[in-house]
Structure formats: C-alpha cells, structure tokens
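Participant: Take a look at this one; I'll ask things after.
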Amino acid sequence: MVASSVLGFPRIGANREVKKAVEAYWAGKISADELTKVAAEVKKASWTSVKAQGGEFSLYDHVLDHSAAFNVIPKRYQGLGLSPLDVYFAMGRGRQTEGVDVPASEMKKWFDSNYHFVVPEFSEETDFKLNFNKAVEEFKEAKALGITTRPVAAKEAKPGFQPISLLPKLLPLYKTLLADLKEAGAEWVQVDEPILVLDSAAGLEKEFTSAYTELAPVAPKILLTTYFARLDTNVNFVAKLPIAGLHIDLDRAPAQLEDVVKAIKDTKIVLSLGLVSGRNIWKTDFTAAIKLGQQAIETLGADRVIVATSSSLLHTPVTLASEKKLTEEQKDWFSFALEKAGEVTTIAAVLSGSQDAARRAFEQNSDDTVRKRVAAITDDQLERRSPFSVRKEIQAKTLNLPKFPTTTIGSFPQTKEIRQARAKLGKGELTQEGKEIETVVRFQEKIGLDLLVHGEPERNDMVQYFGELLNGFVFTQNAWVQSYGSRYVRPPIIVSDVSRPTPMTVKWSAYAQSLTKLPMKGMLTGPVTILNWSFPRADVSREIQSKQLALALRDEVVDLENAGIHAIQVDEPAIREGLPLRRSDWDAYLKWAVDSFKLATAGVTDKLQTHSHFCYSDFDDIFPSIQRLDADVISIEASKADMKLLNTFKQYGYSNQIGPGVYDIHSPRVPGGQEIKDRLKSMLDILPDSLLFVNPDCGLKTRGWKETEASLVNLVEGAKWARENYA
C-alpha cells in the first residue's frame with residue numbers, strides 16, 4: 001500500500017483570518033489570548049482539512065519561530081520588559097512604542113521562492129535553550145482533535161559567522177525536543193534540511209552524520225526532507241544517515257529519482273516522492289507522476305514509497321472553493337492547496353491499484369504575432385545607444401538633479417480611502433482620479449524630494465496591476481499567498497502568450513509630470529519579477545514567458561519617454577530570487593533573465609535615465625550579471641544588511657549610480673535624523689559620492705502617512721547634510 005503525505009499547509013486561514021488577527025493585535029484591538037484563539041481555530045481547520053498530514057503553523061515566520069524557541073534572540077530585544085510574544089514580533093517587524101525603539105531583524109528570501117524569512121543572528125555568545133516546545137504543543141493540540149500529525153522541525157546554517165560551529169550546543173536541545181515528541185506519541189517527525197539541495201552542503205557530511213547519529217536513537221522516525229532542487233551527489237552521504245525516510249522534490253527535479261533510488265535501494269529508508277507541486281497551481285500531470293511513482297515502486301516496493309507534495313503548500317493558495325469568478329473551464333486547469341492534498345491521495349490510490357487516473361488537458365493558447373516577435377529578437381535590441389559614461393552626462397543636463405539626489409522607490413501609502421476609490425475606478429465610477437496623485441506630488445515638493453514619483457494610487461499590487469492590463473493572465477479573488485509576516489499577495493496566473501494591448505502607465509505618469517517642473521519617474525515592474533511573482537505556465541519555458549513580458553514592457557518604456565518622462569524605474573527585485581539553487585544551472589538562467597531586462601529597457605534615447613530596484617538579495621555570486629543589466633541607477637535594500645552588500649559593489653568596482661536604502665520600510669519604526677546621517681556616512685566610506693542616490697529601502701505602500709512623512713523628512717535632511725559635508 002502506497003502512503004500519502006503533505007509536507008505543510010498554508011497557515012493564513014481560508015479568509016486571511018491570521019493576518020486580520022495579527023494586525024488587530026498590533027493595533028491593540030484584541031488581546032494575546034484572543035490572537036491565540038484565532039490561531040487555534042485556523043490550525044484546527046487546516047488539520048481537519050488534510051487529516052493526518054504534515055504541517056506547521058506560524059503567526060509570522062517559521063524560521064523566526066525556531067529562533068524564539070531556541071533562544072536565538074539578539075541582545076537588542078532582551079531586557080525591554082516585553083512579553084515573549086511582543087519580543088517575537090519586535091524581531092520580525094521592529095518596535096517603536098512605550099519607550100522601546102528597536103529595528104527589525106534582517107529578512108531574506110527563502111531559497112528561490114518569494115517567501116521572506118527572518119534571518120537568525122548567531123554569535124559565539126548565543127545562549128541556546130529551549131524556551132518552549134512548539135512542535136510538541138501543536139502535536140498534542142492536533143491529537144486532542146483526534147488527528148495524528150507529523151511535526152516539522154528546521155535547521156539551517158547562515159553565512160558570515162560560521163553558525164555550524166554551534167551545532168554541538170544546539171543538538172542537546174533538539175534531542176530534548178524530539179524525545180518529547182516521541183513520548184507524546186509522534187510516530188514520525190519531518191525534519192526539513194533543504195540546504196541539502198545546495199552545493200555548499202557537500203562540505204557538511206561530517207556534521208550531518210554526527211547530528212543524526214545523536215538524534216535518531218531518541219527521536220520518532222525521522223523523515224529527512226529536501227525540496228526545490230536535486231540532491232545531486234549529496235545523496236551519497238544522505239543514504240548512509242540513520243534516518244527512516246527521505247523526501248525528494250520530483251516536481252522541480254524529476255531526473256534525480258534514478259540516482260536516489262539506486263543510493264537507498266539496499267537500505268531500509270522509505271522514499272517520499274514530491275510528485276505534486278508545492279510551488280505552482282496547475283493540476284498535476286497524473287501520467288508523468290504515476291510513471292515516476294511506478295519507477296520507485298519497481299525497485300523499492302510499495303511499502304517503501306510515499307506520495308507527497310514536492311514542498312510545503314505554504315506557497316500556494318488555500319482552496320479553489322473560494323473562487324467565484326473563474327469560469328468552470330479555468331477552474332478545471334488549477335489545483336490549490338486543499339485540492340493538491342486530494343491529488344496526493346488520488347495518485348497514491350492509483351499506485352496502490354484502487355483507483356483509475358483521470359486528467360483533463362489544459363487549454364494552450366498561442367498568439368502567432370507574439371511568437372514571431374520573440375523569435376525575431378536581435379542582440380542590437382538589448383543594448384543602449386551609448387555607454388553609461390556618455391549617458392550620465394546627457395542625463396545630468398536633462399534631469400538637473402543635485403548631488404546626492406533624493407527619491408523614493410515608487411509607491412506611497414495606500415489608505416482605506418484610496419483602496420475604496422480604486423475599487424470605484426475599476427467600475428468606471430471615479431471622477432477625480434488625479435486627486436491622490438496631486439496630493440503625493442505636492443507632498444514631495446513640500447518636503448524637498450528631487451526625483452518625484454506619482455505614488456501609484458491606482459495600483460493594487462506591483463505585479464497584479466500589470467497582469468490585469470496585459471493579455472495572457474487570469475486572476476483570482478481569494479488565492480492569497482504569504483510573502484512575509486502579515487503581508488499576503490494574490491499572484492496572477494499566466495495562461496497564454498503575453499502582449500500589451502494598450503499603454504498601461506503613461507496616463508498616470510504624464511499627468512503627474514504636468515503638475516510639476518521637477519522630473520517625474522515612471523514606474524514599471526520588470527519582466528523577470530512579473531514572471532517569478534506570478535504562477536507561470538507549465539507548458540512553455542520561463543525564458544519564452546519572460547521575453548514576451550519584456551517586449552510588452554519595452555513598448556511601455558518607449559511610450560513613457562515619448563510622453564515626456566525622462567526617468568523610468570523597471571523593478572527587478574526577483575531577479576536574484578529566481579536563480580537556480582545549483583550553480584551549474586546559473587549561466588543559462590542569468591543569460592535570459594538579464595537579456596529580458598535589457599530588452600525591456602534598451603529601446604530609449606540616451607536622455608532617458610533607467611532605474612531598477614532590488615531587495616533582499618545577495619549579489620556576491622552574480623555581480624557580473626548585475627553589471628550587465630546596465631541600468632543607469634539601481635536602488636537596493638541595505639538598511640538591515642549592515643553595509644555588507646555595499647562592500648560587494650566596492651570590491652567589483654561598480655561604476656553606475658546606486659541608491660542603497662537608508663531606512664527599513666517593512667517596519668513602522670521612524671528612523672532618527674542622526675541615524676540616517678550615520679548610515680550615509682557609512683555608505684560614503686565605501687562608495688564614490690558622485691554615484692550615490694538617497695532613498696528608502698523599498699516602496700511605501702504598506703506604511704501610514706504619519707510615519708512616512710517623518711521618515712522622508714529625515715531622509716531629505718540627511719541628503720542636505722551630505723551635500724554640506726561632501727561638497
């Protein structure tokens with residue numbers, strides 16, 4: 001009998017109950033007990049939906065949960081008189097109230113996904129202790145409902161200080177945690193080790209062997225879980241570990257099955273097959289999935305095979321049942337988390353011989369005009385007319401910006417009134433559509449910003465907005481996915497060839513420019529980011545989809561310049577995120593990703609200053625590709641990275657202009673004036689003053705007006721100080 005399993009389930013609630021409750025708690029509208037009650041209800045609903053499956057819950061971030069549980073709490077959050085829950089949230093989002101003023105911890109992307117995790121901060125002084133055993137508490141909570149779950153644990157080493165050296169101190173706590181789970185009646189425990197799909201794990205064989213040799217005797221049966229890429233040669237030492245089960249991702253890396261089966265054939269290890277995608281929303285190809293399952297069964301036997309999702313379903317929406325506007329035909333293409341759990345059960349039943357497989361083919365639409373245009377792309381279309389050194393002088397005369405020019409990343413606060421007005425705009429009822437844009441323009445003039453933006457009040461999301469105006473996308477009502485903390489997104493779905501029927505942003509940017517003599521910056525989302533932050537097609541390569549998007553954006557960029565806009569920002573925060581996890585796969589991806597950006601931005605004159613924005617990215621390994629983008633100005637998240645990112649730019653001699661973020665916008669905390677000056681001084685110790693722009697870390701959409709005004713006033717004062725001291 002082939003078993004079935006789910007590695008994890010969305011923890012947001014079918015109607016975003018967790019987001020609403022967490023934000024109500026932050027606003028002081030509900031108590032900690034009331035928040036806990038909502039969390040319990042969501043966990044119960046999830047466990048009941050998928051029955052005896054794996055999974056975990058988090059109020060903010062599962063990595064932050066482990067930091068709090070194992071006391072990996074930086075000193076700046078200790079001794080503040082805060083409850084454990086408020087310390088937890090302060091680490092995630094910062095805190096500035098009741099005499100407490102601490103910034104948030106750094107965030108990074110979880111492998112190659114759009115999920116952000118809070119980075120643990122280790123040092124030689126880290127005092128590990130088990131503050132609470134969340135895994136046991138939730139196992140007992142589910143057991144009380146008559147559901148036996150498979151608890152989940154996670155460990156991961158981070159760069160900089162070598163945290164792997166702390167493993168001997170951490171293992172005793174894991175032994176306690178796992179022993180408590182076993183005593184509570186857990187038969188299996190899922191231990192996530194996705195680091196095993198990275199090249200760097202090859203040097204950790206000794207540490208893995210010693211760790212699992214200690215853990216196995218006291219733990220429930222250990223299912224060692226990998227996902228997002230292939231084990232590759234790491235399977236050779238993984239097969240020797242004292243584990244009961246091994247999970248591999250066959251959605252992202254189906255070719256690894258043969259090598260893995262061969263490596264574990266003569267062991268007793270059960271193999272969990274990740275056949276149902278945890279990252280996309282298309283129905284599973286049952287024919288291909290069953291073929292892989294049969295291949296494993298032929299060698300290992302049915303009793304050593306589990307059918308599972310490829311990864312946690314955290315990255316997918318909860319259920320299709322909430323979608324009322326998709327056509328029945330469109331619904332038949334898709335599978336969300338709850339439906340994917342059903343697919344897992346179906347595939348296991350087919351492999352056990354108790355059910356027949358059935359699958360309806362997707363509709364595949366093609367646009368011959370779009371296909372021919374992609375095929376006709378030439379190298380000349382990827383290059384600007386002149387090198388940066390020439391463009392810079394021309395742009396200086398066109399834009400007339402001062403030294404240390406100030407700007408923002410694009411969006412301004414979106415109040416309840418703006419959201420209501422945008423809903424009317426969508427229905428064609430809004431008559432004063434420029435009112436908010438004028439408010440934002442006048443505000444920027446008043447505080448003294450140099451390169452203005454229109455504020456994006458018409459946009460619901462930086463990807464969804466463009467998808468709604470392009471051919472080739474469909475949209476959902478309630479298909480929310482967690483990005484970080486209480487920030488959820490509804491990714492568009494690419495279902496056919498992409499093209500631009502009409503201009504998308506020209507009207508708004510041109511109107512904003514008509515209100516001021518200061519230069520206005522047009523705002524677009526780049527092709528690679530639109531692709532990575534959508535659910536892409538399963539039948540066409542990502543390269544083709546990216547280049548179709550690039551051609552649509554190229555037309556928009558040209559139209560913006562023709563409308564009198566002389567600075568355009570094409571954001572690519574996801575270009576690093578999409579990098580394959582195995583280094584041997586990098587070159588092919590970077591070639592088409594960088595080419596897509598250049599294709600989108602190179603069709604303009606030398607007067608046009610191109611900007612791009614990147615957030616939460618490590619550029620060390622791909623710096624030549626960042627240089628090859630040839631953007632005139634790039635802005636980057638830097639306020640929480642302790643300037644380590646900027647040293648990379650210095651090391652490689654980056655010659656174009658750059659705007660490192662001077663304050664963190666993901667926290668409501670207002671940075672002090674001296675804090676910004678100190679940060680600018682640190683930047684100028686590394687970067688040439690002729691290249692520096694002054695801007696926040698990211699867009700201001702999620703912030704309130706009060707904190708936005710205070711922060712930007714301090715930013716402008718910081719730039720004035722720099723001009724006075726670095727003339």
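Here the Cβ of each residue, glycine as well, is placed from N, Cα and C on the backbone.
When I checked TrEMBL for this same protein, it listed these features:
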type: ACT_SITE; residues: His666; note: active site, proton donor
type: BINDING; residues: Lys19, Asn114, Trp533; note: 5-methyltetrahydropteroyltri-L-glutamate binding site
type: BINDING; residues: Ile409, Gly410, Ser411, Glu456, Asp571; note: L-methionine binding site
type: BINDING; residues: Ile409, Gly410, Ser411, Asp571; note: L-homocysteine binding site
type: DOMAIN; residues: 4-295; note: domain 'Cobalamin-independent methionine synthase MetE N-terminal'
Participant: What does the structure give for the C-alpha distance between Asn114 (5-methyltetrahydropteroyltri-L-glutamate binding site) and Glu456 (L-methionine binding site)? Integer Å is fine.
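Facilitator: Here the two Cα atoms lie 22 Å apart.
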Participant: Can you work out the mean pLDDT of the predicted model over the domain 'Cobalamin-independent methionine synthase MetE N-terminal' (4-295)?
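Facilitator: In the predicted model, the domain 'Cobalamin-independent methionine synthase MetE N-terminal' (4-295) has a mean pLDDT of 87.
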Participant: When the Cα-Cα distance from the residue listed as 'active site, proton donor' is computed for each of the binding-site residues Lys19, Ser411, Asp571, which gives the smallest value?
Facilitator: Ser411
Participant: Taking the centroid of the Cβ atoms of Ile409, Gly410, Ser411, Glu456, Asp571 as the L-methionine site, which other residues of that chain lie with their Cβ within 8 Å of it, listed in sequence order?
Facilitator: Thr408, Val453, Met462, Met523, Gln569, His613, Cys698, Gly699, Leu700, Lys701
Participant: In angstrom units, rounded to an integer, how far apart are the Cα atoms of Ser411 (L-methionine binding site) and Trp533 (5-methyltetrahydropteroyltri-L-glutamate binding site)?
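Facilitator: A Cα-Cα distance of 18 Å.
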Participant: Cα-Cα separation of Glu456 (L-methionine binding site) and Trp533 (5-methyltetrahydropteroyltri-L-glutamate binding site), in Å?
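Facilitator: Distance between the two Cα atoms comes out at 19 Å.
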Participant: From the Cα of Trp533 (5-methyltetrahydropteroyltri-L-glutamate binding site) across to the Cα of Asp571 (L-methionine binding site), what is the distance in angstrom?
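Facilitator: So the alpha carbons of Asp571 (L-methionine binding site) and Trp533 (5-methyltetrahydropteroyltri-L-glutamate binding site) sit roughly 12 Å from each other.
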Participant: Given the L-methionine binding site residues Ile409, Gly410, Ser411, Glu456, Asp571 in the record, what is the largest Cα to Cα distance, rounded to whole Å?
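Facilitator: Max span of the L-methionine binding residues, Cα based, is 14 Å.
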Participant: Using Cα coordinates, what distance in whole Å links Trp533 (5-methyltetrahydropteroyltri-L-glutamate binding site) and Gly410 (L-methionine binding site)?
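Facilitator: On Cα coordinates alone, these residues lie 18 Å apart.
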Participant: Relative to the Cβ of Ile409 (L-methionine binding site), which residues of the same chain, six or more apart in sequence, are found under 8 Å away?
Facilitator: Gln569, Asp571, His613, Ser635, Ile665, Asn695, Pro696, Asp697, Cys698, Gly699, Leu700
Participant: What residues, ordered by sequence, lie under 8 A Cβ-to-Cβ from Gly410 (L-methionine binding site) and sit at least six positions away in the same chain?
Facilitator: Val453, Glu456, Met462, Lys521, Met523, Gln569, Asp571, His613, Gly699
Participant: Counting other CB atoms within 10 A of each CB, which of the recorded positions Lys19, Asn114, Trp533, Asp571, His666 comes out lowest?
Facilitator: Lys19
Participant: Taking the Cβ of Glu456 (L-methionine binding site) as the centre, how many other Cβ atoms fall within a 10 Å radius?
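Facilitator: Result for Glu456 (L-methionine binding site): 23 neighbouring Cβ atoms inside 10 Å.
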